[in-house]
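Shown next, in structure tokens, is the structure this report addresses.
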Amino acid sequence: NQGLATLAFFGVGVNLVLFLTRVLGQDSAAAANNVSKWTGTVYIFSLLGAFLSDSYWGRYKTCAIFQAVFVVGLVLLSISTTLFLLKPSGCGDEETPCGTHSTFHIVFFYLAIYLVALGNGGYQPNIATFGADQFDEEDPKEGHSKIAFFSYFYLALNLGSLFSNTVLGYFEDQGMWALGFWASTASAVGALVLFLIGTPRYRHFEPKGNPLSRFCQVLVASTRKWKVERTQGEENLFEVDNKESAMNGDRKILHTDSFRFLDKAAIITPKDYAKQGKKFYGRNPWRLCTVTQVEEVKCILRLLPIWLCTILFSVVFTQMASLFVEQGAAMKTKISNFNIPAAGMSSFDILSVAAFIFLYRLVLDPVIARIRSKPKGLTELQRMGVGLFIAILAMVAAGVVEVLRLKDAKKDCPNCVNASSLSIFWQVPQYMLIGASEVFMYVGQLEFFNGQAPDGLKSFGSALCMTSISLGNYVSSLLVSIVMRISTRDDMPGWIPGNLNKGHLDRFFFMLAALTTADLVVYIICAKWYKYIKFEGRKGADDNSDDGQAEAAAAAEHRV
């Protein structure tokens, strides 16, 4: 499902800027700006999808609804392109621009692509989490399969992207936009059908209500009790009993000593409840919160420093679709009579992702686990750290290639087409290193945020991964703007001018390597400080096996 949905999405997104310039007649700056807005909207909608999933709809319903919206958007896009926009017939390639369009046709087009953004954005953070829901992490065999699932999930995403970037991208570049968009639509329909076919076998978890209100209740309750003395021990902290927790399908989170001020929200005072016998009645949730509710807030606060450290990695990752392409376009791209598109070099990144996923799963992980005498090799935090280190190597490699490219550059090349005699294949190492770093960082990130997010905020954890990539794009643009403003002088065009032969792109890559090194140091400190979430035990998952439920209940009771 993820592979087909990714193929459909990138079938639209990979060449959208070309569509806007060739078919709608926009200039390059306006087209790039519109694509940036559209891409950013996708990530904003991911937060909406995560909120609806965790709060009201549940992951299955959210995935199904947003995938249906995705299909509708693609159908409308294909119809508008076929019937309205490709006029005169045969326009839309590099040589034949299309004519003018009515306001209705333009509005219809934008409605379609923003429905695509809504559908894909709302679906993305939930599908990975819903897939992870199918594995019981407290079962050793299923817990190991869950780790493998994230690796193959990311592999499917990259393979779908590879097909879009190569096959669909080629047809669209030749002006066959209708074919490319209808192929994307067919892929999205196939993804939705496959998803629905599995419905009878899925495990489901009920949404836990609005997480924002639970978060605010803890902050308000702890603030209202700021004068209350916090005693040692957990005896005076409020928590629901095991029976009520089981009925809600929740796992109780064990108490931790970090952010002790928030514990005051769970301190029991006479004003918080009316007591009759051994039971509490009339608890005001804005004065008294459960330990689990308090720990949910603590979990999010502990995750934020780790999440912030991943943004700079996304800045490095973003270079693959921007400055790597510009660098490649200024190199020797011809082999005999065949011209290699600079953007096509990203295929080496995808091949690297596929290779390193299997290398890590089948070789590195078992070897490291055997050496450490543990069930699995590196922890998620350790793998993310390795990903940051490899990203540093990728930026150093890109900088070295740029130094070599400038040595063989034609200084007066006005358009920077084949502006250096250095072959574009010198870029292969930096693409391969980015691919390897993705396997450690993004796959580890998916596992980490899914495993460490509270049960009621699993989709939000996945959305954090997407917002990291989004912010990486914005930070990258900000860095480029700052660098150009500082480095541009009257006699110097700056580090990244239109003609790269007159700039110093190598210095920008080396600067990113230095920033990522500093980020790695901060990340190591945050990772050492981080305390893993500890659950008491899960009950209430939708599983049709009575024996399985009985065993789970017995195991949970034994742990309690």
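Each Cβ is built from the backbone N, Cα and C atoms, and glycine gets one as well.
Caution: TrEMBL annotation is automatic and unverified by curators.
The model shown is predicted, which means the values in this text are computed figures rather than measured ones.
These features come from TrEMBL:
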COMPBIAS  550-560  compositional bias 'Low complexity'
REGION    539-560  region 'Disordered'
SIGNAL    1-25  signal peptide
TRANSMEM  35-52  transmembrane segment
TRANSMEM  64-86  transmembrane segment
TRANSMEM  106-123  transmembrane segment
TRANSMEM  149-171  transmembrane segment
TRANSMEM  177-198  transmembrane segment
TRANSMEM  303-325  transmembrane segment
TRANSMEM  345-364  transmembrane segment
TRANSMEM  385-404  transmembrane segment
TRANSMEM  424-443  transmembrane segment
TRANSMEM  464-488  transmembrane segment
TRANSMEM  508-530  transmembrane segment
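Within its own chain, the transmembrane segment (177-198) is flanked in space by residues 1-2, 4-5, 7-9, 11-12, 15, 19, 23, 63-64, 67-68, 70-71, 74-75, 77-78, 81-82, 85-86, 92, 164, 168, 171, which lie at least six positions past its ends and keep a Cβ under 8 Å from the stretch. Of the recorded ranges 35-52, 64-86, 106-123, 303-325, 424-443, the transmembrane segment (149-171) has the largest number of C-beta contacts under 8 angstroms with 424-443.
With a threshold of 8 Å between CB atoms, the same-chain residues lying at least 6 positions outside the transmembrane segment (303-325) that come near it are 342-343, 345-346, 349, 381, 384, 387-388, 391, 394-395, 398, 427, 430-431, 434, 437-438, 441, 445, 448-449, 452-453, 461, 464-465, 468-469, 471-473, 475-476, 479, 496, 505, 508-509, 512, 515-516, 519, 522-523, 526-527, 529-530. Counted as Cβ pairs under 8 Å, contacts with the transmembrane segment (385-404) are highest for 424-443 among 35-52, 64-86, 106-123, 424-443. Highest Cβ contact count with the transmembrane segment (64-86) among the listed stretches 35-52, 106-123, 424-443 falls to 106-123 (criterion: pairs under 8 Å).
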